[in-house]
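K.L.:
Before we start, here is the structure in question, set down as structure tokens.
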């Protein structure tokens, strides 16, 4: 293509060797480069459909995985506990509000799972948008979350089965092994819990199809049992149990409903298994968001309907928190229904176990494949096409935790890891929406007083050279229609105002959450002080939302996208922070300790073996074209070559 010298000028730039530049660099420059290493991103282009895993999961498979991860022992225990101690019959409203709150986080996972169809879930989503160290810490916390969660469910499974046989298993173990009275250890070794985890790990290692078939079986039995409970419960319903004589529909008031919501929120944790399985889905761009929506709807319906019939069968204040459903049927003269409830509970817990054992090795596989975790966990079995080393190693670790440790003190740790992952995924959605589709990889030349736009290939310039005089609206720039009203933001570089607004949004969300959670009680503020802090924090939060909304987002993709961005993810961020602040200080101390251990692993291994770290010195010469507002074109070449080519590069520059 011929371009006149009036419109086009070219200049070539030769860059010295990185090794030569590194010598004698000021400490500030080295620090800047080190920070760049910590925040380097995984390219979205690598998140293609190619995978060493087997794409064999349908939408139904993913949906049942999600249902299995959410509808577990909580349906049989949590409903009675919240109804009796927190909300009364209004427990159904607690579950409804919790489902809506979970939907905010689920939508974020759905968009990422469809757009980035690779295993890794929250870890991967953070890596492509926030940076490497944040991704590692999220993956590190999710790893512990799955370990403790799986071990805790296995012990609950063991205890439930033991209760059916009048605790004969526990009595036999204690009589032969004795009772342990040591800190952090269980009262007795739970061989049954460890055994079920080892058996489940063996099945999961046989391949995704085997895991899916087992999950189908247990989920089908669990859903049939839930359906029978709902039908029989409505037949035995007594509307009088919601009357004022029994305390009314909401005996604990609105505060009780909110307290119940905070507890019920954790019942819906588990849908992220769908996003973690997207690399094995046949059509992830369509199947992942559909499966997340359907599974969350089914789980919410099950929790709401079961809590409704439970409080209609017997008065809420007389419920047995430990076995509410079985006890309710027994008191109504249907003792045989207790056996059905027991079968449903065990099947539901089996699905949660499979969900944990299915997701955990895939998160570790994603981290190992990126070089951030030990490479042995990136190995995929050639026949079953699953990360069998990760399944077996972490299955054994989970079994040891269930066998030896007292997990009751660690269960709250699950909440903070999950909520932190939700927060980072929601933040990542905002970051990704305001990012350019192909972010610049190197600086480019620009003459004084001009702003240059850079494109990574000459073909990109060819398409745009004719429109050089036209104002091109890019992600991160102020919307053209709002420039007359928000001109003070137009002077910022593209993305700068968005970055500041996002930072202020997160800080104001933390401030607003602190006021909402601690303002009236722990801080002991006067009424006017509480209202003032609430108004200021809320105003800053809304202002940052308005600034974000005033900027251009990426064009609509051909995959699922969340509506009302940045409002939807911002509300999810605020809710997650509020729930995290409600956790005990001991949970926060354990969390900080685990983060420190993770940082040791990252700086000792991950940062040096990262695939992004290995790619940096191997980058080939790339050309970048710069379009100036005047319509001129400058081509720059940044050469980053192996050490052996230094002399050739210098001679080329001299010519």
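For all residues, glycine too, the Cβ spot is worked out from N, Cα and C.
The shown structure was predicted, so the numbers you read here are calculated from the model rather than taken from an experiment.
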K.L.:
Would you mind telling me which of 90-110, 153-173, 363-383 TrEMBL tags as transmembrane segment?
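P.N.:
Here TrEMBL associates transmembrane segment with the stretch 90-110.
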K.L.:
Pick from 15-40, 249-274: which range has transmembrane segment per TrEMBL?
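P.N.:
The listed stretch tagged transmembrane segment in TrEMBL is 249-274.
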K.L.:
According to TrEMBL, which listed range is transmembrane segment: 591-608, 609-626, 627-644?
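P.N.:
So the range that TrEMBL calls transmembrane segment is 591-608.
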K.L.:
For the transmembrane segment (249-274), name the stretch out of 122-143, 217-237, 286-314, 497-518, 562-585 with the most CB-CB pairs under 8 Å.
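P.N.:
Comparing 122-143, 217-237, 286-314, 497-518, 562-585: 286-314 has the most Cβ pairs near the transmembrane segment (249-274).
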K.L.:
Who are the long-range neighbours of the transmembrane segment (562-585) in its own chain, taking Cβ under 8 Å and residues 6 or more past its ends?
P.N.:
101, 104-105, 107-108, 110-111, 262, 265, 412, 415-416, 419-420, 422-423, 426-427, 429-430, 433, 505-506, 509-510, 512-514, 516-518, 541, 545, 548-549, 553
K.L.:
Which stretch from 90-110, 191-210, 217-237, 411-432 shares the most C-beta pairs under 8 Å with the transmembrane segment (497-518)?
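P.N.:
Top-ranked stretch among 90-110, 191-210, 217-237, 411-432: 411-432.
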